[in-house]
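**Q** Could you have a look at this structure, given as structure tokens, before my questions?
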Amino acid sequence: MAASNAPITMKEVLTLPSVGINQKFITFTNVTMESDKYICVRETAPQNSVVIIDMNMPMQPLRRPITADSALMNPNSRILALKAQVQGTTQDYLQIFNIEAKAKLKSHQMPEQVVFWKWITPKKLGLVTQNSVYHWSTEGDSEPVKMFDRAAKLENNQIINYKCSPNEKWLVLIGIEPGSPERPQLVKGNMHLFSVDQQQSQVLDAHAASFAQFKVPGNEIPSTLISFATKSFNAGQITSKVHVLELGAQLGKASFTKKKADLSFLPDFADDFPVAMQISNKFSLIYVITKLGWLFVYDLETASPIYRNRISPDPIFLTCEASSVGGFYAINRRGQVLLATVNEATIIPFISGPLKNLELAVNLAKRGNLPGAEDLVKERFKDLFDQTKYKEAAELAAESPQGILRTPDIVAKFQSVPVQAGQTPPLLQYFGTLLTKGKLNSYESLELSRLVVNQNKKNLLENWLKEDKLECSEELGDLVKTLDNDLALEIYIKAKTAPKVVAALAEKREFDHILSYSEQVGYTPDYMFLLQTILRTDPQGAEKFAVTMSQMKGGCPVDFNTITDLFLQRNLIREATAFLLDVLKPDLPEHAFLQTKVLEINLVTFPNVAEMILATKMFSHYDRPRVAQLCEKAGLYIQSLKHYSELNDIKRVIVNTHAIEPQALVDFLGTLSSDWAMECMNELLLANPRGNLQIIVQACKEYCEQLGVDACINLFEQFKSYEGLYFFLGSYLRMSEDPDVHFKYIEASAKTGQLKEVERVTRESSFYDAEKTKNFLMEAKLPDARPLINVCDRFGFVPDLTHYLYINNMQRYIEGYVQKVSPGNAPLVVGQLLDDECPEDFIKGLIISVRSLLPVEALVEECEKRNRLRLLTQFLEHLVTEGSQDVHVHNALGKIIIDSNNNPERFLTTNTYYDSRVVGKYCEKRDPTLAVVAYRRGQCDEELINVTNRNSLFKLQARYVVERMHGDLWDMVLDENNEYRRQLIDQVVSTALPESKSPEQVSSAVKAFMTADLPHELIELLEKIVLQNSDFSGNINLQNLLILTAVKADPSRVMDYVNRLENFDGPVVGEMAVEAKLFEEAFAVFKKFNLNVEAVNVLLDGLKSIERAAEFAFRVEEDSVWSRVGKAQLKEGLVSDAVESFIRAEDATHFLEVIRAAEDADVYDDLVSYLLMVRNKVKEPKVDSELLYAYAKIHRLGEVEDFVLMPNVANLQNVGDRLYDEAMYEAAKILYAFVSNWGKLAVTLVKLQQFQGAVDAARKANGAKTWKEVCFACVDAEEFRLAQICGLNIIIQVDDLEEVSEFYQNKGRFNELITLMESGLGLERAHMGIFTELGVLYARYSHEKLMEHIKLFSTRLNTPKLIRACDEQQHWRELTYLYIQYDEFDNAATTVMNHSPEAWEHMLFREIVAKVANVEVYYKAVHFYLEEHPDMICDLLNVLASRLDHTHVVDIMRKAGQLRLIKPYMVAVQSNNVTAVNEALNEIYVEEEDYERLRESIDLHDSFDQIGLAQKIEKHELIEMRRVAAYIYKKAGKWKQSIALSKKDNLYKDCMETASQSGDHDLAEQLLVYFIEQGKKECFATCLFVCYDLIRPDVVLELAWMNNMNDLVFPYLLQVMREYTGKVDEIIKDKLEAQKEMKAKEQEEKEAMSQQNMYAQLLPNALPAQPVLLALPAPPMQLALTPQQQPTGGMPPMPPFGMPPFAMPPMGGY
């Protein structure tokens, strides 16, 4: 049977290996599945862990490192139960964890081992031990409770299942054991059934069992059934049965008859046995699953067999119920998770067709609400009805699948049956049966309720609604409204008929509920009418209602201004203000008018409230000029200043400083621009200079940065306010670095007499202009000179200060300055006093007074400049006598001694304190030799050189330089730019060095000559020292230096020096000669010192003579020499000679170079000889490897094999690779085989065309690369069998699969590749890539297998890759299926529409398009159906109704001219009240003349062009259409047009109702006149009551009297009189009560006054008496509120009697 027609559908949901589960853990003991929500797997490698697979997202398993013997996931929640054996015992430790909360819920240690456990309910675990069965609840702290002991028959059984019945009254334990000795392969099953209530057990033979609840006909209480499957072997016969029986039959009730049926096993599966049983409560089916993967399906009620098929080739070890779909999950040993479900479309036709079981087909269709039995059910109903078996027919109709018999026709059929006397009417029987079976549909509910309402049995309706037996509708609500309004409201709410709900709530005056309900259901009622209604009776409630409206989602349905006007029309200012303050909180620009309005109202009436509103700054968009004027009139000057925008207005108001808080005024000035602020402050100073000065100063202090400091200063200077300037700048001075600011502060302080401040600022400030300040202070001639002293001392005006003080006879300040302020400036003071010709006695006295604090250097400089140095002689000698070591003191004293020529040489040589450089400089022009003495003493190199050069004292200079031994000094005098260098060198060579006996001095001089690059001069110097007998002739360093200098400067002398000198460093000299390319001299040096290796190197490297080198080697016979010669020969390509040289030298160190050269020259015979020598000296892998390679190169394979077998350190792998690369495969094969490199051996054998051997080697290598190379070679050689063996080992690696596939396809071997991939599906390590690649191959080369492959392995495919392949190969049906599986419903829908001939199926497309995310696809689908399947477009639109833009759909259909085609769809979505839908439907109704539907549409859905529709149909030929037009005019408020249209058609009732609803007196009275004119007296009388509230009694009396209709109006007059009489009575009553309250209040006030008078008499005379409270009405508003008295929100308290007296502006002004 085709899979699509089978009654049971199998689907692979998941494979456990695909989520990382190792195959070895897919066993009964490691995998658990307690429900269709979770799979739990316990792993023990590579580490202990528990894997939890959520079936809603199976590809995201949760892995936790947990060690346990068993793990169970709760059937419903993320709760994990764990079991682990306690080490060293047979006890088990149980734990229950909440994974989400990461908390342990319970734990318990069982005294014995738990051999099996299972969740029997979401809150209870069943625990099976070796002897007993326990139940353990997850709730509370309870421990496991023992339920029963295991039967002896199950003692050695393996427990495979444990279940409890739904009511937990029956328990069953299943175990299996080995079969009988006659047939041991047939496993035996045992079932232990236990009754909890009766505490009794029964043991039966059974392999699987399950409980179910089933309603037996005639018994309303479900029966508990058990079904079990047995397979036993007795007397050589195998018996297999399925049993169904009832447990605990109910006495006196209909019971279930025991059923049984055969389990029919095929002969090949005779030893197979049931392992699990699941019962579908949804369909009442029994699923029996066997170990070898067979499924048996039976009907629960009859035990009739329905279906048998093998669902898995691998053994099944675990199943669980899939309750939501009525099927089950099964897991086999391969790890497949299979889902079996009922094929709802085919199971009933399958039972009624191939099985021919019509009774079962009908019963199953009824139980499961399945299609396929419609004709059978209808035929049986007809038979029962014809047989007058109405009850049975009603039951059949109630249970009919998919409600095929729940139609108006069936109801009409029962209504048509005549009622027999004394019998229940068939219609009631029908409804009674439906009520017992479930819920009635809308039509049935309406018809049944009609019967009940006619009998006034409201309680029945209430009970049915509570039990949810009726389907609510608007028609049902209208019907019940005649009986009970509250019950009708409940029905309207359930039916979601918003207009009717709002109308009902309005009748009950539950206005708050109207808003919440309307917002909840998205309905828009007439809010204006509702608000007006509430205002009449409850103003505060109206304010709350208005606020609530303003907070509705989508905005307030009524304009805020309109609502405000409604409050103001009734003089409800408090409520209006509160409402506006609440709704204007967002402070939006569009609310500017309302903000202005609320401020105007309160500024006129309650200014303090307005001030509070303005102070909160909650508004920012109102009319500021208007508010400013009102604030000024109300005396709120600061607020008016904040709102005025013209400078003249601000200047006019700001001068009212008596009524403005100073700080507020300062803050306001800070908000103005700098120019305006200065203007205002200028105005304030003009108005009251003294009184406003503090405000101006404070403003300037706070806002000087904005105003500009200069501007503020100019303002004060303009009014000559030095006091203001002083206070302003005093606060700003710390922040300013402006010199002008600091000067002006000093100036203002001086002019205001603040001398201490002047002194402080001049002392502390660093920013004033010192010159300017000095001049100002000198001009000011302050009595205190300290500020001037501060300035001059800090900024270097000491001479000016001294001059000022001296000429002003302030010698006291001079002495004080020098002695106390700044002794360091005394030299400047002395200098200035000398310039001012001050007496020397005063100066000397001043100097002596300072003494040691005086800076001598500066004092000497000042006196020296004025040639008055001798003035200091006494002072300096006094300092020296005191022991002064100050260099300046001694410098000055030395200068005086030099000038006086008082034995200066002695002073210069003996004094250790003077500065040589200073004194030497002083001596240069007086006596150069004295300068040299001073410079020599102080090592003043540069100064000494300069003075000797200028005075030609080169001998002194040479001696100084040699003795000094300073490198920098030598560099300076030997510099080539020194014009005196030659004279100095001559003196050094001739005088200074010959005189020297110090080696250090000679060394320093030689080094200096070398550094100065004077080789010839150096040679001249060294020859004089070395070659001529001197103390330094045998110095080795000098000899080396002489030769080396000659090498560099004069090579011709080198050979002579080498022969003449003996005490030099031969190696160093030889190396220097080599570097200078003096090879013969170098050879002579090395040969002289027996340095043979260096000598042969000179011959080889310098002279390039291998022959001389070889001759030299024969002469000296040294190994190192032969080795060096061998290297040179090797370098020149003389390989054989080099090998001979290396052998003579026995040098094995250069084997790498020899090997490389021998390989390049292809002299492997010589190389073998050399390597044999080397191998005796060293054990190097390279040597052995190259020897082995050389053997192979000269084809000595025997030596290769012998060498491999003998001990060696050769790298055989590398040698083998080299041989392989050079195509010496036979030799490579020997090496690869020896080292067991099977991969390379396999490739080598491929090269040798030995394919079978290559495959064997590849199997041993087991590497992907090897397998690929062998596989590709076998394919090229057409060895496809061997290629497939290789390919199966490659394709299990994901990364290599594609390469193999491409190779096969490039070779054109498509069938062989498909065969390879199909073989790979059965591999244990088969992965997603194999399934995907096979699908791609099917798509390309075998399309007929593609769909079956996709469906079978949908969860194991790389869907995006296969999608691309199907798209490329244009397999549209398969592509659509893949898009669906991948949840790309947009692409699936697009594919179906673009390729509909192949891919389109209506039901499939419905499912797809319902899940599409892109809205544009919906409209493409609409166009697609319109073009290709217009008959099904409504079905499509209904599916998409919640996601479509209905206006867009209507536009599409209107353009296509097919609006009628989607009429059912538009009716279904009209509840959304979309304009386009409403107008389209109304248009259709007009064309169809369906006025009832048109009126219903207008009532329920008001979003359309009402006037346009009314004009269109007001001249319609059908009167009901014209009546609808009048109704539309009425709804639109076009009262006159509506009444006129109704008059034309004589619809007087409509006229009266329209006039009544209009609220227009004139219309109502005109209608009365019209009735009189038409002679319609009855209509006249009726109109009086219909329009009662609108008609004035005097008009009625006048019309009645004039037209003789007094009798007709008399009832109306009676009603009017009664109403007016009642109103007068109420007024009188209220007045009397008010008078009564007034008298009581006056009495209370009198008593209070008397009490206060008594208190005043008791007060002492020194205290004032309490004020007498006058009994006056409370003032309208409080003028000044303390913070505790400020109103907390809304309006302040209203006056007790009406509104306060004020001129209320007309409402139009707002």
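Cβ atoms here come from the backbone N, Cα and C positions, even for glycine.
Just lifted these from TrEMBL, have a look:
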DOMAIN    344-367  domain 'Clathrin heavy chain linker core motif'
REPEAT    551-697  repeat 'CHCR'
REPEAT    700-842  repeat 'CHCR'
REPEAT    847-986  repeat 'CHCR'
REPEAT    993-1138  repeat 'CHCR'
REPEAT    1142-1283  repeat 'CHCR'
REPEAT    1288-1434  repeat 'CHCR'
REPEAT    1437-1580  repeat 'CHCR'
COILED    1617-1652  coiled coil
REGION    1680-1699  region 'Disordered'
COMPBIAS  1680-1689  compositional bias 'Low complexity'
COMPBIAS  1690-1699  compositional bias 'Pro residues'
**Q** Does the repeat 'CHCR' (847-986) reach the repeat 'CHCR' (993-1138), going by 3 or more CB pairs under 8 Å (6 or more apart in sequence)?
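**A** The repeat 'CHCR' (993-1138) and the repeat 'CHCR' (847-986): touching, yes.
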**Q** For the repeat 'CHCR' (993-1138), provide the mean pLDDT of the predicted model.
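**A** Summarising the repeat 'CHCR' (993-1138) by its mean pLDDT gives 74.
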**Q** What is the number of residues in the repeat 'CHCR' (993-1138) that are helix, strand and coil, as DSSP sees it?
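**A** Tallied per class, the repeat 'CHCR' (993-1138) gives 112 helix, 0 strand, 34 coil.
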**Q** Of the residues in the repeat 'CHCR' (847-986), how many are helix, strand and coil by DSSP?
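**A** Summed by class, the stretch gives 105 helix, 0 strand, 35 coil.
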**Q** How many helix, strand and coil residues does the repeat 'CHCR' (1437-1580) contain under DSSP?
**A** 112 helix, 0 strand, 32 coil
**Q** By DSSP, what is the split of the repeat 'CHCR' (551-697) into helix, strand and coil residues?
**A** 107 helix, 0 strand, 40 coil
